[in-house]
């Protein structure tokens with residue numbers, strides 16, 4: 001990092017943290033007590049604060065990583081500063097943990113952008129700082145900076161694990177992956193993703209060697225053709241069936257293998273991936289979740305995905321491959337028909353964006369969910385097109401992890417899309433400065449509207465005296 005870029009980064013990060021502190025103060029003044037899921041998280045952390053580590057709220061579905069870390073941070077700080085009484089592990093103090101995680105996420109996002117795009121000399125330091133700032137204030141994540149939720153910490157440890165993986169420190173990466181798993185069990189998928197990064201790199205090296213031996217450069221340039229896919233799959237099977245290659249990959253990824261093995265032991269002992277209340281978190285094959293994620297990504301990455309050039313390329317692709325797109329359309333319609341699930345929370349809780357998206361769009365008519373298929377296909381094509389700079393093995397590995405983390409979820413919840421979105425966004429090429437500024441301005445606008453609604457547009461339910469607030 002050059003000196004000017006370093007000054008720019010630390011200045012931007014400090015300014016963002018200061019602004020976040022001001023917003024944090026505003027949220028804490030308006031909502032002093034626990035809100036939404038905080039009514040479970042805060043008392044549990046406070047029980048740990050008082051040494052009651054055997055106490056557990058059965059309504060909590062995640063492991064106690066957030067509470068353990070909170071106690072480990074707040075207790076020493078309280079001792080050093082002489083704090084006593086209710087201020088220790090108060091709602092505000094616990095929420096402040098996520099403010100620190102938010103600053104850490106900013107730093108990790110910058111380091112990841114620097115590492116992933118280090119070979120692109122055309123990217124300026126200003127663009128890296130701007131992209132890190134944009135992702136740090138990504139609306140669905142940034143909102144939970146001000147509440148005591150698991151999301152900022154879950155993202156922090158997962159991004160940190162990914163960064164260590166990219167630097168080849170696989171043991172540290174797996175340890176950080178374990179911390180991420182302790183915040184949210186589904187983060188085990190991103191441990192697999194890190195191992196997949198290592199495997200994809202080795203596969204890509206072997207594939208390039210094979211191409212050079214055959215002196216057939218055309219194979220690598222025609223990524224999208226069906227014949228290429230068959231050849232790649234054949235190569236993949238042959239490579240993975242070789243004992244020598246398996247030994248090499250195992251020697252590289254053994255820390256991740258141990259962690260994934262521990263995960264399966266946990267699932268066997270626990271009787272499932274969810275701890276606590278399982279009635280509202282049943283796993284199912286909810287394939288339309290992939291379509292919702294693509295729509296979500298299209299909305300928040302429209303400067304990348306929705307451009308005149310991409311629309312023209314998509315139309316040309318439609319004309320060139322009508323049979324393939326017809327088949328994709330039929331499969332999409334079938335998946336929507338047979339595998340659409342509507343969670344009871346989605347229909348009952350009017351405090352979230354998803355409630356209004358479902359009511360205003362999908363419940364307008366039974367056919368709406370089918371009429372959206374052309375948009376899903378364009379979003380999917382554009383999504384894949386932005387990843388074409390990555391190796392085919394990386395793309396296959398990412399899509400497997402994307403399916404694993406989205407499809408089993410019955411509830412449509414935008415928070416579940418945060419990590420797959422960030423991993424995607426970190427790995428696509430940089431935009432022009434104008435489009436980067438457009439993306440940042442859009443995120444600031446969405447954050448502003450959401451925080452304004454949360455703070456100022458309160459309402460009450462007929463059967464409750466509690467003040468309700470709108471949120472993600």
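Glycine too: its Cβ is placed from the backbone N, Cα and C atoms.
Copied over from TrEMBL:
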| type | residues | note |
| --- | --- | --- |
| TRANSMEM | 6-27 | transmembrane segment |
| TRANSMEM | 65-84 | transmembrane segment |
| TRANSMEM | 96-117 | transmembrane segment |
| TRANSMEM | 129-149 | transmembrane segment |
| TRANSMEM | 155-183 | transmembrane segment |
| TRANSMEM | 254-275 | transmembrane segment |
| TRANSMEM | 287-305 | transmembrane segment |
| TRANSMEM | 325-346 | transmembrane segment |
| TRANSMEM | 367-384 | transmembrane segment |
| TRANSMEM | 390-407 | transmembrane segment |
| TRANSMEM | 440-459 | transmembrane segment |
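Long-range contacts of the transmembrane segment (254-275) within its own chain (CB-CB distance under 8 A, at least 6 residues past either end) are made by residues 60-63, 170-171, 173-175, 177-178, 181, 185-186, 188, 191-192, 194-195, 198, 281, 283. Each of 65-84, 129-149, 325-346, 440-459 was scored by its Cβ pairs under 8 Å to the transmembrane segment (96-117), and the highest score goes to 129-149. Pairs of Cβ atoms less than 8 Å apart link the transmembrane segment (440-459) most often to 129-149, out of 129-149, 287-305, 325-346, 390-407.
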